[in-house]
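Asker: One structure is given below, represented as structure tokens, and several questions about it will come after.
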Amino acid sequence: MAELTVEVRGSNGAFYKGFIKDVHEDSLTVVFENNWQPERQVPFNEVRLPPPPDIKKEISEGDEVEVYSRANDQEPCGWWLAKVRMMKGEFYVIEYAACDATYNEIVTFERLRPVNQNKTVKKNTFFKCTVDVPEDLREACANENAHKDYKKAVGACRIFYHPETTQLMILSASEATVKRVNILSDMHLRSIRTKLMLMSRNEEATKHLECTKQLAAAFHEEFVVREDLMGLAIGTHGSNIQQARKVPGVTAIELDEDTGTFRIYGESADAVKKARGFLEFVEDFIQVPRNLVGKVIGKNGKVIQEIVDKSGVVRVRIEGDNENKLPREDGMVPFVFVGTKESIGNVQVLLEYHIAYLKEVEQLRMERLQIDEQLRQIGSRSYSGRGRGRRGPNYTSGYGTNSELSNPSETESERKDELSDWSLAGEDDRESRHQRDSRRRPGGRGRSVSGGRGRGGPRGGKSSISSVLKDPDSNPYSLLDNTESDQTADTDASESHHSTNRRRRSRRRRTDEDAVLMDGMTESDTASVNENGLVTVADYISRAESQSRQRNLPRETLAKNKKEMAKDVIEEHGPSEKAINGPTSASGDEISKLQRTPGEEKINTLKEENTQDAAVLNGVS
């Protein structure tokens, strides 16, 4: 700003040092030295240029000079007009022209100068030029050092940026400066832009150098990603790199695109490792047995899709038989997965676990097939895990107790008698069983019409058998009047023939089946029950024979059989006879008085043989 130094005349006539800030039509904006006065506009007639710095100082007595002095301590020093009165060595006695003639002062030679011969400035004393500054260069142009060479080239007194007008101001005392500014302005702005770019690169390089020096002593990892996987590693719009840079402790991530090398720098090993997990994409394969490929894929790819979703891999493909890019084992198909190392590890765990599960299931299936094959070879029924199976020897029905357990009075000799009696059964018994199995009554399972003899019915109901048991002396023919059809009470009352032997035979058959109870409700839809709520095989046999005799025998034979039937029923419920499917009824104390004799048993056997030829077997299954 020395080139734009001016002297401004004060109100006391002294000239004070100032600096031109702007040029106007008829005034100048002046800033005073040390800001002893505020910035203000000064008319041209109060401003003059300072004398040349190389002026010769030849002062003698009587010459007019200017003294650098001040009127008081509050004002700065200025140039005051004075006259030399006396000289003595380096000291001069001066007399101020603006003051009283009697006011003299002794000053040194350095404070004196010849009178300034410059006149006050005019409109054409200073020239101002403006250059519009682009937006990207405004910040750079605010620094006056950026215009140092330009100022020297155009011969300007001052160049500065005006933020309000966004223009570059060029002030000069020469008219030639205006022409040079018009010629060099574009070049100057272009050079500023180039300098800015170079300076920015230098600053970035400097920062990178400092950062590299710091990172050299920190944690870092370097790895290479395949070129075809580089897009996955970078992510959409660099999302993966941004995510890795956000990891706490990561200071820098560098990528060499030519070699596909990532370099990660961080404050700790964990931070660097975590950032690497976001960027390191690999391709790996897993061998799957050929016979399990379909099950690994699943219906509509459901299984493999679930594995992909849970593991986090990006994609999966199955290598075809005509592809030989990967090593292939016999009987194996490679599954190729692409993803981060963590996701590849996850998919290996999931797939290996699923394959192990499928192999175990296949092994269990083969064991089942071998068991079925062995069952077929030994002629047994094919294994079935459902339906009615064999009952064990300790099985007990929910409707009564096992007769062998509830009647401990039976001796081993009676068992032998039963086994011998069972051997007497002939073809007629097998035929009756065949007819029973071929026909069933439609009455419903285990229910009689009266409702007192079916499963779940009252134990003390008024059935035909219970009435006979309660009153053995009553008329047995009353049973016919109390029956509702030929398929109810008469069926139970017809047990007069072979009831004892048939019960023993049925017991013999059950003994072959581990002496288990037989639930009559599962064998017939219209089975009747005894007073204990259970059905015996003898019930079915006697019922079928009684029905056939009632339809085919004469009236006299029928009446005779009914008399004997009542007697046999009473004997059959005696304590000496073991119940087949449960304990005896509540009236067993009265019935236990009636004992069957060997003679009566023989008579019943003969009567059955006499009537068996005339009877038509009408059993039901």
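Our numbering is plain: 1 for the first residue shown, then up by one each step along the chain.
Just so you know, glycine gets a Cβ as well, placed from its N, Cα and C.
If you look up Swiss-Prot, you'll see 394-410 marked as compositional bias 'Polar residues'. Annotation comment: Swiss-Prot describes 445-460 as compositional bias 'Gly residues'. Here Swiss-Prot flags 483-493 as compositional bias 'Acidic residues'. Feature annotation from Swiss-Prot assigns compositional bias 'Basic residues' to 499-509. The compositional bias 'Basic and acidic residues' annotation in Swiss-Prot covers 553-576, 590-610. According to Swiss-Prot, the SUMO2 cross-link annotation covers LYS56. Summarising the annotation, Swiss-Prot assigns domain 'Agenet-like 1' to 4-50. What Swiss-Prot lists as domain 'Agenet-like 2' is 63-115, and the listing cites sequence analysis. What Swiss-Prot records for 285-314 is domain 'KH 2', and it gives sequence analysis as the kind of evidence. Look at Swiss-Prot and you will find ARG447, ARG453, ARG455 tagged as omega-N-methylarginine, backed by similarity to another entry. Sequence annotations record features per position, and here Swiss-Prot assigns region 'CC2 domain' to 353-379 based on similarity to another entry. As annotated by Swiss-Prot, region 'Disordered' applies to 381-530, 545-621.
For each listed feature, how buried is it and what is near it?
Answerer: Mapped onto three states, the DSSP output places LYS56 (SUMO2 cross-link) in coil.
Secondary structure counts, DSSP: the domain 'Agenet-like 2' (63-115) has 3 helix, 31 strand, 19 coil.
Mean pLDDT of the predicted structure over the domain 'KH 2' (285-314): 90.
Tertiary neighbourhood of the region 'CC2 domain' (353-379): same-chain residues 288-289, 292, 295-296, 303, 307, selected by CB-CB distance under 8 Å and a gap of 6+ residues from either end.
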Asker: What are the DSSP helix/strand/coil residue counts across the domain 'KH 2' (285-314)?
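Answerer: Looking at the domain 'KH 2' (285-314) with DSSP, the answer is 21 helix, 5 strand, 4 coil.
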Asker: When a 10 Å sphere is centred on the Cβ of LYS56 (SUMO2 cross-link), how many other Cβ atoms does it contain?
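Answerer: Its Cβ shell of radius 10 Å holds 6 other Cβ atoms.
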